[in-house]
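Not my notes, these are from TrEMBL:
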| type | residues | note |
| --- | --- | --- |
| REGION | A:1-31 | region 'Disordered' |
| TRANSMEM | A:40-62 | transmembrane segment |
| TRANSMEM | A:98-125 | transmembrane segment |
| DOMAIN | A:103-320 | domain 'ABC transmembrane type-1' |
| TRANSMEM | A:137-158 | transmembrane segment |
| TRANSMEM | A:194-217 | transmembrane segment |
| TRANSMEM | A:237-261 | transmembrane segment |
| TRANSMEM | A:299-321 | transmembrane segment |
Amino acid sequence: MTTVDSGRETAPSAFDGERLVAPEPRTPKRPKFSRRAGGFTPYALLIPASALLLVIVGWPLLQLIITSFQQFGREQVFGKPPAWVWFDNYVGVLTDPAFYAVLLRTVVFAAFCVVITMVLGTLVALMMNRLNKFFRLFLSIGLLLAWAMPALTATIVWGWMFDTSYGVVNAVLTNVFGLDFARHQWLIDPLSFFFVAGIIIVWGAVPFVAFTIYAGLTQVPDEVLEAAQLDGAGSFARFRLIVFPYLKPIFLITTILQVIWDMKVFTQIFALQDIGGVREKTNTLGVYIYQVSIAGGNFGVGGAIAVIFTLILMTISLYYVRQVVKEEEL
Amino acid sequence: MSATIAPGQNVPAPVGDETRAFTGGAPRAARGGASHRRRIVSVVLSIVAVILFVIFVFPVYWMINTSFQPTGDIISSNPHFWPDNFTLRNYQRVLFEPGRTPFFPALGNSLMVTLLTVAIALLFSFLAAVAVTRFRFKSRRWFIITILVIQMIPGEATIVSVFRVIDGWHLLNTIIGLTIVYVAGVLPFTIWTLRGFVNGVPVDLEEAAMIDGCSRAGAFWRVTFPLLAPGLVATGVFGFIQAWNEFLMALVLNARPEMMTLPVWLRTFLVANGTTNWGGVMAGSTLMAIPVIIFFLIVQGRMTSGLVSGAVKG
């Protein structure tokens, strides 16, 4: 594993096809001087973080995997030795239509949230890049407020705004727009439940994406954009050919983070169910695992679902991990 | 304000309207048209910015607005867009009414856990970030990949085992127990972000200091460390939000009323009475959100640069 410079010769430009920005010049001699192996030092520096992660992430993960092969209920939590059932839990989960319903719901919902968040976040970022200082600060403060709102608080507030009897949304739709939304129950129907949940999640996530991409936009070199302008590239062409390739790492990392966060979403769905959703029809995978293991006491089955879910998330992010490993000359 | 723009007027796309401004040889008239158009675009953009501002702020406003209204105004078919009958009664009830889980211990718990988490996570992730950026060593690559992969594990999955570990150490319902779990929770992301920052400081600076007679460690402390301040702030903010807002782990690990953190406290509120006291819930929500919002407004400028340098090499 001591491949000091593996892949350095072939270090690709971040942009397939169109090489608009020259790759950074590499000076292969330098590592000898500064990036020494360092003897024991790097390991010592890693001890605190590794030890903690090992105990609080590694060990529970191992236990989770073991549990998923066992018949593990409430008695086992209190000390009764669990029986090994090997793949029974997995077979049970994978032949259960309810699992696929939850999985499909999670994937579709997350996909919607990610796409809408990324598009809106990008548009807001492009807009911020064009605003004058005053309006940019103004908008930034608005975004910061939404970003800073804790997920639970945000869900409760939005739930209150969509309240059946006294919610401001129903009142405005009825009184201002003359629509028949008096006493409309937003959370009962799964589709509109997820509509509300989607609004909460996108509202909370757009600021992160917008700020990140905006910060990236300020790093796109003006000369390149001006050169493209002189060559007659329109605004969309410039975005597609320059801005996007240049910011590709940022788009990649924000998208993957959104995918992971939206697939794992727990607080918003859980709290919205508290406020008035039908649990069985609105569970996403994170909440489903909680329902099965902690509320239902089926830790073996819940463990199996959790392992499957983790594998799915890892598969999704495999592309990202590979990309990082390739590009960052690890 | 919108009077300057006729409806249906063909407004150019937000990006790239100055295309023509750069074509030096364009006739005067065309240039004049371009600058006119640019002004319109900037007005339109400003209006859109205001609309967006309203959309993003409204729920926060609505929370605060509701929290200052008497129950009679809250529960009426016509929502009050302004607290006409301003009252502090909701706050008074949330903060001092006996029989509820008290607010101040929860606030104290949240503050303690959050500050400890930030401090410890920054220290640990700083050491790790230095290790992976400034040294080439065996299994370095595996460490980074593991850091990436850990972020895919859903917290709900491992919570039972985490519960058993913390229980085994007799740390249930303690600040320390929850802090340990939170630090582990934020470490992958904070290591990753700080790594970007340390990478961003050119090694040449350290080398120059070493040539001038500094030891390797001395060069790092005197030259690189000061340049990492924005990175530490950005990373710290992330840890702060995570710890302050975290709900599930706190719900499971610190269930005793006097050991609850604010999110768990807020939830007991919501379900305690069958008919939700919205005024009280909104007052509680405001109390919980305000510290983060203030903190955010103070450090805002430092954050984004940090998030980006995690993704793009500096």
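The backbone N, Cα and C atoms fix where each Cβ goes, glycine too.
Just so you know, TrEMBL annotations never went through curation; they're auto-generated.
Since we're looking at a predicted model, the values are computed, not measured.
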Please figure out which one of A:40-62, A:98-125, A:137-158, A:237-261 racks up the most CB pairs under 8 Å against the transmembrane segment (A:194-217).
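It is A:98-125, which has the most Cβ pairs under 8 Å.
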Are there residues at least 6 beyond the ends of the transmembrane segment (A:237-261) whose Cβ is under 8 Å from a Cβ of it, and what are they?
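Here the qualifying positions are 14-15, 18, 20-21, 110, 113-114, 117-118, 121, 126, 205, 208-209, 212-213, 216-217, 219-220, 224-225, 228-229, 313, 316-317, 320, 323, 327.
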Please give the sequence-distant neighbours of the transmembrane segment (A:98-125): residues at least 6 beyond its ends with Cβ less than 8 Å from one of its Cβ atoms.
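Long-range Cβ neighbours of the transmembrane segment (A:98-125): 139, 143, 194, 197-198, 201-202, 205-214, 216-217, 251, 254-255, 258-259, 262-263, 265, 283-286, 288, 305, 312.
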